[in-house]
Ligand code: OAD
């Protein structure tokens, strides 16, 4: 079977990475627009760098590990009977650490920087700031997190829509369905006439669009679902 899986912040919640839309509607004390837009970066680069530096340091502080949901998707990727196309909205590297060989990070990656002068994308495990220098072109004050901000185009959209058009099953895991275009993938899947499954802790914005919706923790339900497929 050809399977497209879309993951969101909920799959990393049990690993200790906070989701975006918690009870107070804030993202670690900030409104999303304050820290995750190109305008915010122009207005206050220090605040934006600081916000992503904290998140990067947390991801690397040794307390955050992949959970059974990430590991189950790696098992699915290794299965001979199925072909998995894994796309994530998450900027953490927990799918990779959980063993997934091929992950499309449509909203970018926290552990990469991008040069606004020459476009070079590089591994980044340290803090970024205005004093950072691009190793590729030597410019100062030109590195930004390699993440997609609101108002910017996500990565890989053509590839994702081709994958959905060729799939037999579309599964969304741990995503609230608030942010397009990812929230629209279930509509593409329905148009393609394929089965759709949601695995989420709570009712999401998209729940009613899916053929089937399973309610619970990803760490429990994703391994169960992968076992059913084997
Ligand atoms: P959200 O924070 O909007 O939603 C997370 C979803 O995961 C919610 O529906 C929760 O109910 C669910 N959830 C929480 N814990 C869970 C668990 N243990 N098991 C299963 N589900 C659980 O996160 P996303 O939908 O990923 O974009 O957010 C989408 C985008 O909004 C992000 O990629 C980011 C953000 O702004 C950008 O920054 C561009």
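In case you wondered, yes, glycine gets a Cβ from its N, Cα and C as well.
Just so you know, TrEMBL annotations never went through curation; they're auto-generated.
Computed from a predicted structure; not experimentally measured.
Here's what TrEMBL has on this protein:
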ACT_SITE  107  active site, proton acceptor
BINDING   8-27, 89-92, 174-176, 218  NAD(+) binding site
BINDING   52, 55  substrate binding site
BINDING   115, 118, 134, 137  Zn(2+) binding site
DOMAIN    1-230  domain 'Deacetylase sirtuin-type'
Task: Report, in whole Å, the straight Cα-to-Cα distance of residue 118 (Zn(2+) binding site) from residue 20 (NAD(+) binding site).
output: 31
Message: So, three-state DSSP: helix, strand or coil for residue 12 (NAD(+) binding site)?
response: helix
- line: Counting only residues outside 115, 118, 134, 137 in the same chain, those with C-beta within 8 angstroms of the Zn(2+) site's C-beta centroid are 116, 117, 119, 120, 135, 136, 138, 139, 142, 143
Query: Whole-number Å distance between the CA of residue 118 (Zn(2+) binding site) and the CA of residue 89 (NAD(+) binding site)?
result: 25
- request: Scan 107, 118, 134, 137 for recorded positions whose C-beta lands under 6 Å from an atom of ligand 1 and note them, or write none.
  value: 107
- prompt: DSSP on residue 52 (substrate binding site), three-state: which is it?
  reply: helix
Task: Using DSSP reduced to three states, classify residue 115 (Zn(2+) binding site) as helix, strand or coil.
output: strand
- request: Determine, using Cα-Cα distances only, which of these binding-site residues is closest to residue 134 (Zn(2+) binding site): 8, 16, 52, 55, 89.
  value: 52
Query: Where among the binding-site residues 20, 52 do you find the Cβ with the fewest other Cβ atoms within 10 Å?
result: 20
Task: Provide, as an integer number of angstrom, the distance between the C-alpha atoms of residue 174 (NAD(+) binding site) and residue 137 (Zn(2+) binding site).
output: 39
Message: As a test of reading the model: what is the averaged pLDDT for the domain 'Deacetylase sirtuin-type' (1-230)?
response: 95
Query: Hey, how far is residue 55 (substrate binding site) from residue 16 (NAD(+) binding site), Cα to Cα, in Å?
result: 11
